[in-house]
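Novice: Below is a structure I'd like to ask you about.
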Amino acid sequence: MVVTERGASRRVERTQPEAPDNNPARPPGVEAPTRAWWNESARTTAAAYVFLSPWLLGFFGITVLPMLASLVLSFTNFSGSFARMEWVGLDNYRIMFTVDPAYWGSVRVTLLYVLVSVPVMLAFALAVAALLNKGIRALGLYRTVFYIPSLLGGSVAIAVLWRFVWGESGLLNGVLSLVGVEGRSWIGNPDTALITIMVLNVWTFGSPMIIFLAGLRQVPVSLYEAAALDGAGRRARFWYVTMPSISPVVLFNGILAIIGGFQAFTQVYVVSGGTGGPAGSTLFYTLLLYQRAFTELRFGYASAMAWVLLAAIAAVTAVVFASGRFWVHYGEGEER
Amino acid sequence: MSSATSARRPRSTAGHAAQRTLIHVALVSAAFVMSYPLLWMTTSAFRPSEQVLIEDSLWVSNPTLENFVHGWTSVAQTSFGTFFANSLIISVLAVVGNVTSCALAAYAFARLPFRGRKIWFALMIGTIMLPYHVLLIPQYLLFNSLGWVDTFLPLVVPRFLATEAFFVFLLVQFFRLVPKDLVDAARIDGCGHARIFAQIMVPLAVPALATTAAFSFIWSWNDFLNPLIYLTSQANYTVPIGLALFVDASGTSNYGGLFAMSLLSLLPVIGFFLAFQRLLLDGISTTGMK
């Protein structure tokens, strides 16, 4: 605001002859007629839209319009040719919920994955962050080593590696045989294949860990001192000082991990060779959507699946946010 | 607390030291277990191919580079040189696109008090939560109708339209910190928005721009879904798609080559990370990027 007003008065000086000060109460030398101010504001707005133009084009062109298009498509049987496209009403949704044999399986797999791997990952992230926050040496080195998997976790190379770690004659079984445990193909077995993908997600706990670390550093030392004076032990201090203080960070990390978890794709695709096998045990929702759209060309149906995914993510996120009322504490001294 | 009796002090210091050691032992073991697969892949890439599945330790008895030689040309018709070149072109363009378009948008959101700013900003933040799969099919149809399938355009053009809202958010946070006095002084000297942006904001936001650049590169380099959908001819494949093709093609034979190429594919990511480490970790702390 100060910026615009100063700019305005500069303009006014130049245009003084045409814009006489008609406010007798104004002290001399301070002039800000409303019209000039409006001009400046309009100029700012115009400049803003110029700066925003690439974003606006992207926002409407490849975000909002595609979203609406996808909603419309979800009520059609579109399969690549607009000439043969028919309006099918809610049929795609009905088929999805009652006919498609793979659908509920993919919902189960995805929910299981999110429900198990997200809390475990966050617990790991918080535990390691709490250890790192004790003022230990080589903090930078630890941070780097724990963070690197987050950076690589989404790559094909790591998914390839995972096949060799959890395979029949893989690394894990080699290590297990050292302690006399008979291994098996963890990836080839429908009971354990999903677990390998969950472990891959937990393996990337470095990113929430960094965020937790930043959060832990902001917990005021005075709170710990007060708690210690009141006789709180280590465990009590963690549950009654640390946890409430960083609960906003837990919420933030949780939301991010949930949204990411619902959209997991690369690892499952590569580990299962694009099939979601064995026996559909790693057929994630996104993988089924990909298959329906890009191998079967059922674009209308896949669009309906995408909208259900959007609704599910929105609902889960909303519930988690709402639950924050009961466990998230926004402290007085904290920013944001 | 420092007034502990001399009888107690040695014991508590010893206990303290013991606790420190215990923490380090826990952290080092966790780090070792986590890194072991990566280290194993690294050393396996230098083993003769037939030993890859047999050897579980990190020891390499007779190191060789033959995996890199064989792996490089192991995918029929196209060498990994082509895949790396394609990935590099796409990732560099993605960096340029993200940095410019996101910085422009961020400047407007952070420093220009225009009408409707709050609504636009909220909409922009909202797109962070939008699952990509909702846009996938219509975007594909759009780019297909433009004749862009099997070109790099669908992978690059969206980056020039500031669609990665995370980066806009990061840069907004940064631009807001630029002192107002600096901007006011420039305005009094007659600077317009373009010059304020180019000569004050951009130089001062170099750390945030570098973070944006590094993450753009890494995300684009690792991206699998988009190249999988849009690139159809093998000569246009990126490294991740080439690797996936290698997995399918190699069946049970050339593990060494596969490991060597996987390792090579990770090197640019690790390199970028180590070069920009501090900035990236700070960037994550402020916005929660992966």
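Using the three backbone atoms N, Cα and C, a Cβ is placed for every residue, glycine included.
Keep in mind the model is a prediction, meaning the values are calculated, not measured.
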Novice: Under TrEMBL, the annotation transmembrane segment belongs to which of these stretches: A:15-37, A:268-290?
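Specialist: Of the candidate stretches, TrEMBL labels A:268-290 as transmembrane segment.
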Novice: Test of understanding: applying the rule of at least three C-beta pairs under 8 Å (pairs 6 or more apart in sequence), is the transmembrane segment (A:144-165) touching the transmembrane segment (A:268-290)?
Specialist: yes
Novice: Could you give the residue numbers and ranges of same-chain residues that sit at least 6 residues beyond the transmembrane segment (A:111-132) on either side and whose C-beta is under 8 angstroms from one of its C-beta atoms?
Specialist: 139, 142-143, 146, 194, 197-199, 201-202, 204-210, 212-213, 216, 238, 242, 250, 253-254, 257-258, 261-262, 264, 284
Novice: For the transmembrane segment (A:49-75), name the stretch out of A:193-216, A:237-262, A:302-328 with the most CB-CB pairs under 8 Å.
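Specialist: The stretch with the most close Cβ contacts to the transmembrane segment (A:49-75) is A:302-328.
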